[in-house]
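Input: a single structure, listed below in structure tokens.
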Amino acid sequence: MSYTLEPIGVVHSCFSEKFAIPRQPQLAPAATGILELFPPYNQPEALVGLEHVSHLWLLFVFHAADSGPKHLRVRPPRLGGNQRIGVFASRATHRPNPLGQSVVKLEGIVDGKLLLSGIDLLDGTPVLDIKPYVPYADALPEARNDLAPAPPAPILVEWSALALTQADEHGERLRTDLRGLIEQCLAQDPKPAYQQPEPSREYGGRFWDLNVRWHYPAADCIRVIDIQQVNLPD
Ligand code: SAM
């Protein structure tokens, strides 16, 4: 038995590559995107009632997940990248069907487009369905997950004077809280947990049309070096 699913829309997101996207939604409240709905779902009738809803579940396709053989066990970055658990105990993107789910904040609706924040979605992510978050059913105070009991502890993010100026300039151009976005994402420490970077080793990540460079002056500290505008492929 197989099923064919058609996307109802696509997310235009601040994340133009996978590296440095937080590993779950809500970890970077400044991460924003726009969900563009495809006809006929872009009509007002489909959105009536959403004015009563603060958060949404997005069900989406990991369209940029690695292809290749599926494994029954995976090594989540959260566990340091060297401990294997069953794929169904993880939120890994490489899974039997490349389906993801994220709770995101609905900031508003403009011209049939949904303005979102707190996202963990790559630019271009196809969305299969939207459902309202229902606090009494979806937020369970007694729920536990001993593999991920709490959000990862954020690490310190420092800025060069140049990077701060550039963040403010580009933030104004893009009309977004760029400082907040970069700081919240880098505080999650995007590098694989097993890497012990030399202070001289530079890392880079793409946010919007920007390349952000940073390094690790100490194991638990990131310093943003600079921010350069780049030409993104169409
Ligand atoms: N909250 C979702 C879930 O639980 O299904 C996603 C969790 S997954 C661990 C989060 C990672 O998925 C992000 O760090 C990012 O690298 C990756 N990602 C986001 N959008 C993607 C896409 N469209 N295709 C492939 N990977 C994606």
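Each Cβ is built from the backbone N, Cα and C atoms, and glycine gets one as well.
Listed features, source TrEMBL:
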- 5-142: domain 'TsaA-like' (DOMAIN)
Would you list the DSSP helix, strand and coil counts for the residues of the domain 'TsaA-like' (5-142)?
-> 17 helix, 49 strand, 72 coil
Across the domain 'TsaA-like' (5-142), average pLDDT on the 0 to 100 scale | 95
